[in-house]
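Trainee: One structure is given below, represented as structure tokens, and several questions about it will come after.
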Amino acid sequence: MEMKITVSCPTPNRCTLLILVLFSFAASPLHASLSFNFYASSCPTAELIVSNMVRSASSSDPTIPGKLLRLLFHDCFVEGCDASVLLQGNGTERSDPANTSLGGFSVIDSAKRMLEIFCPETVSCADIVALAARDAVVTAGGPAFEIPTGRRDGRISDAANVRSNIVDTSFTMIEMIRLFNSKGLSLDDLVTLSGAHTIGVAHCNAFSDRFKMDSKGNLTLIDTSLDNTYAKELMKKCPSGSSASKTVNNDPETSFAFDNQYYINLLGHKGLFQSDSVLVEDERTSARVETFANDQETFFRSWRDSFLKLTTIGVKTDDEGEIRQSCSFAN
């Protein structure tokens, strides 16, 4: 299918960035019905409204960017980027235990309510989720770039589809490669998108497999790939019997900044999850980890390319979906 894209250039720098993204978009196997500036005529303020909501929410709660980014991953990896994770009800994706700790829903709902006032039944929840995640990264200090829009909202949301389609923190490299490949993502995408862990928080039980309880009820380290000092810090923050709601920062150094510190942490054996640590232990990915640790701009460029691919997994367009009036319920 041929796709024509019109580029408007408010400033020379912005035009250069958009052209770079267009080349990346054209070189990737993305959905042909998506386009840049999709809402230019139907809702020209759509992206600005979403951006303002993200920025406002993040200013009062610095954990919001990490929540919005995680929400996107859990949406796109199950049924594609169609906002199916937002649907409420028994047996939906959102009701699955793996998704009960997701956050950021209020930001998406607020943006949708505002968009329904200015542009009724026009902007999809799926696009809002993708744009909000993109803007969340920018708010946290990450790279800014254009993404295509035009996604429609899915009508199917089944909890049974969740577990087999999202990364478990205890995954081996083989398991992660298999899952990412099934989504059309490469090994380089795997390393790059794992950089999302440079922001956000994790519940203690997400990395409890790296420790064991001794006869006195105290935790001891069993994963020798983890830095001993860092392990002691984790055991102090998440002692045996910790509340299920207890969390720690994914990145212990620059917790709320989207940067390359995650990869520096990996080289120092301070990856929070087993699925993080394997990236530096495996010879197929260790060199890329080192590159990102040494050069943040290279990471940012790779993030842009991989994010574009992530946000076009299994998208629904035209009559494949709908434009929900409320993100929590199908029409």
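In case you wondered, yes, glycine gets a Cβ from its N, Cα and C as well.
What you see is a predicted model, and the numbers here were worked out from it, not measured in a lab.
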Trainee: In TrEMBL's disulfide listing, CYS81 is paired with one of CYS76, CYS119. Which one?
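Mentor: So the cysteine that TrEMBL bonds to CYS81 would be CYS76.
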Trainee: If you pull up TrEMBL, which of CYS119, CYS125, CYS204 shows a disulphide to CYS43?
Mentor: CYS119
Trainee: For CYS43 (disulfide bond), identify the closest of the recorded positions CYS76, HIS197, CYS327, judging by Cα separation.
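Mentor: For CYS43 (disulfide bond), the closest Cα among CYS76, HIS197, CYS327 is found at CYS327.
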Trainee: C-alpha of CYS81 (disulfide bond) to C-alpha of CYS238 (disulfide bond): distance in Å?
Mentor: 34
Trainee: From the recorded positions CYS119, HIS197, CYS327, pick the residue whose C-alpha lies nearest to the C-alpha of CYS238 (disulfide bond).
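Mentor: Smallest Cα separation from CYS238 (disulfide bond) among CYS119, HIS197, CYS327: HIS197.
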Trainee: Using CB atoms and a 10 A radius, I'd like the single residue among the disulfide-bonded residues CYS43, CYS81, CYS327 with the highest neighbour count.
Mentor: CYS81
